[in-house]
Amino acid sequence: MDVPRPAFKCFDDDGRLKRSGTVWTASAHIITAVIGSGVLSLAWAIGQLGWIAGPTVMLLFSFVTYYSSTLLSDCYRTGDPVSGKRNYTYMDAVRSILGGFRFKICGLIQYLNLFGITVGYTIAASISMMAIKRSNCFHESGGKNPCHMSSNPYMIMFGVTEILLSQIKDFDQIWWLSIVAAIMSFTYSAIGLALGIIQVAANGVVKGSLTGISIGAVTQTQKIWRTFQALGDIAFAYSYSVVLIEIQDTVRSPPAESKTMKIATRISIAVTTTFYMLCGCMGYAAFGDKAPGNLLTGFGFYNPFWLLDVANAAIVIHLVGAYQVFAQPIFAFIEKQAAARFPDSDLVTKEYEIRIPGFRSPYKVNVFRAVYRSGFVVLTTVISMLMPFFNDVVGILGALGFWPLTVYFPVEMYIRQRKVERWSMKWVCLQMLSCGCLMITLVAGVGSIAGVMLDLKVYKPFKTTY
């Protein structure tokens, strides 16, 4: 039976409904994916590097991220860039172009990165909850009570919330979640920027130095470690490559998806870099050598304290949902592996229906899912309580994800996809870029781990108060 020609207009070449994304929707998705809690540590990062190296390094990272993103956009289709087989995710592209072994390595790095991000988000959320409590306590006491408190109860509160949310299957697919995340991230970032500008105006002077935090405020060794760690913090702020292919999969064609995506990447990187520059530089200008690891906590108990409360509440709301966005892929992977290995186990595969008053459909409970997901959240919470160092964790995450996910795999896929000849000028330049970024990742990782070790010397697990 012949299918009427107009019917084809509803579907793309892979049989899926026709994609409708444009340059502007793709740009919006990228900006939403990039701007997040990483913006909070940029003032500290610039503070370690100074007025010359800080903005220069940020521009360098933005260029590398943009260039590697253009390489990755050419890998959306395997083979022919216009009519080749589509890759729906970053992992699909790695498996299709580079093959099984590197696919497994990429998966391991990606899941480690996701796990680390859930730990970082637990720490960041607890800091913001504690900041709200301390702010109100300080003002209620008229400034007489320093309101020292432990972050542990707030981490536990966050953990309990995540245990409940983690039982909702495919929570990360809820349509309004990304909208709420975008609104919240722009809210706290904009408030941080505005308060930085206000603080600079109140100081009447731009603080900071050309070379960053001065020797004396820290030792020579600490200066080196902090400089390295700052690279990791900036790298974390630009970590979005793993979602680029998925964003590209929403773009319509013609023109070719890669062409649209390159324009969208250029727009979004320009916008986010400008925003990052403003937030980081204004934070450093406001606090100088005392620029805090988390920008919003640096404003302490300044008025308007209610505005800081709004910003910190926005962080908590954002991170409650963002935790699930990063945890759910790990849940799905582990549960898929368990089902494949134990297909006949009721513990793994059987679902029990529970009727909940007020809901039409029964809630389906799987014993393995309930226990495993709860255990995962407990583990991330305990690790956060053992190492509640936001800056150090962000630096480690930036180091872990930047070179392999943002540079190495896109470069290798592009070389394979475009059949770039070994030892040609282009091949050599791409390998030099990859090696240079590997060095940055290594020193950032070393600096961040050194930061953790230094913090652990004075930190008593489960006992330290702020």
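We number each residue from 1, going along the chain as drawn.
Any Cβ shown, glycine's included, is placed from N, Cα and C.
Note that the coordinates shown come from a computational prediction; the quantities given were computed from them, not determined experimentally.
Here Swiss-Prot flags 1-22 (among others) as topological domain 'Cytoplasmic', drawing on sequence analysis.
The topological domain 'Cytoplasmic' feature in Swiss-Prot is assigned to 65-111 (among others); the stated evidence is sequence analysis. Secondary structure counts, DSSP: the topological domain 'Cytoplasmic' (65-111) has 30 helix, 4 strand, 13 coil.
Within the model, the topological domain 'Extracellular' (133-177) carries an average pLDDT of 79. Residues or ranges marked as topological domain 'Extracellular' in Swiss-Prot (evidence: sequence analysis): 133-177 (among others).
Look at Swiss-Prot and you will find 199-226 (among others) tagged as topological domain 'Cytoplasmic', backed by sequence analysis. Within the chain carrying the topological domain 'Cytoplasmic' (199-226), a Cβ under 8 angstroms from the stretch's Cβ atoms is held by residues 46-54, 282, 284-289, 291, 299, 302, 446-447, 450-451, 454, all 6 or more beyond its ends.
Residues 12, 18-27, 29-30, 66, 69-70, 73-74, 76-77, 81-82, 86, 88-89 of the same chain lie 6 or more positions beyond the ends of the topological domain 'Extracellular' (248-266) yet place their CB under 8 Å from a CB of it. Swiss-Prot lists 248-266 (among others) with the feature topological domain 'Extracellular', giving sequence analysis as the kind of evidence.
Within the chain carrying the topological domain 'Cytoplasmic' (335-369), a Cβ under 8 angstroms from the stretch's Cβ atoms is held by residues 167, 169, all 6 or more beyond its ends. For 335-369 (among others), the entry in Swiss-Prot reads topological domain 'Cytoplasmic'.
Taken from Swiss-Prot, the feature topological domain 'Cytoplasmic' covers 414-435 (among others), and the record attributes it to sequence analysis.
If you look up Swiss-Prot, you'll see 457-466 (among others) marked as topological domain 'Extracellular'.
Beyond its flanks by at least six residues, the transmembrane segment (23-43) meets 58, 120-121, 124, 178, 181-182, 185-186, 188-189, 192, 196, 233-234, 236-240, 243-244, 247-248, 250-251, 260-261, 263-265, 267-269, 271-272, 275-276, 279-284, 286-287, 291-296, 298, 315, 318-319, 322, 390-391, 394, 398 of its own chain at Cβ-Cβ distances under 8 Å. Per Swiss-Prot, transmembrane segment is recorded for 23-43 (among others).
If you look up Swiss-Prot, you'll see 44-64 (among others) marked as transmembrane segment, on the strength of sequence analysis. Within the same chain, residues 208-213, 223, 226-227, 229-231, 233-235, 237-238, 269, 272-273, 276-277, 280-281, 283-284, 287-289, 291-295, 391, 406-407, 433, 437 sit at least 6 positions outside the transmembrane segment (44-64) and bring their C-beta atoms closer than 8 Å to a C-beta of that stretch.
Note on the transmembrane segment (112-132): residues 37, 40, 149, 151, 154-155, 157-159, 162, 239, 242, 294, 296-297, 308-309, 312-313, 315-316, 319-320, 322-323, 326-327, 329-330, 380-381, 383-384, 387-390, 393-394, 396-397, 400-401, 405, 466 of its chain, located 6 or more positions outside it, place their CB under 8 angstroms from a CB of the stretch. Taken from Swiss-Prot, the feature transmembrane segment applies to 112-132 (among others), supported by sequence analysis.
Annotation comment: Swiss-Prot describes 178-198 (among others) as transmembrane segment, evidence class sequence analysis. Tertiary proximity for the transmembrane segment (178-198) is limited to same-chain residues at least six positions away from its ends with a CB under 8 Å from its CB atoms, namely 32, 35-37, 39-40, 43, 275, 278-279, 282-283, 285-286, 295-296, 299, 302, 307-308, 310-312, 314-315, 317-318, 321-322, 325.
Beyond the ends of the transmembrane segment (227-247), by six or more residues, the same chain brings 21, 26, 29-30, 33-34, 38-39, 41-42, 44-49, 54, 57-58, 61-62, 65, 68-69, 72-73, 75-76, 87-90, 92-93, 110, 113, 212, 261, 264-265, 272, 276, 391-392, 394-399, 401-402, 405-406, 410, 440-441, 443-448, 450-451 to within a C-beta distance below 8 angstroms of the stretch. Look at Swiss-Prot and you will find 227-247 (among others) tagged as transmembrane segment, backed by sequence analysis.
For the transmembrane segment (267-287), the list of distant contacts is 23, 26-27, 30-31, 34-35, 39, 42-47, 51, 54-55, 58-59, 62, 65-66, 69, 189, 192-193, 195-197, 199-200, 203, 206-208, 237-238, 295, 298: same-chain residues at least six beyond its ends, Cβ to Cβ under 8 Å. Per Swiss-Prot, transmembrane segment is recorded for 267-287 (among others).
For 291-311 (among others), the entry in Swiss-Prot reads transmembrane segment.
The transmembrane segment annotation in Swiss-Prot covers 314-334 (among others). Here the transmembrane segment (314-334) has long-range neighbours at 36-37, 40, 107, 111, 114-115, 117-118, 121-122, 124-125, 128-129, 158, 161-162, 165-166, 170-172, 177, 180-181, 184-185, 187-188, 191, 296, 369, 372-373, 376-377, meaning same-chain residues at least 6 beyond its ends whose C-beta is under 8 angstroms from one of its own.
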Quiz prompt | the topological domain 'Extracellular' (133-177) - residue tally per DSSP class, helix then strand then coil | solution = 27 helix, 1 strand, 17 coil
Quiz prompt | Helix, strand and coil residues within the topological domain 'Cytoplasmic' (414-435) as assigned by DSSP | solution = 16 helix, 0 strand, 6 coil
Quiz item: Sequence-remote contacts (6 or more beyond its ends) of the topological domain 'Cytoplasmic' (414-435), Cβ cut-off under 8 Å?
Solution: 64, 67, 71-72, 74-75, 78-79, 97-98, 403, 407-408
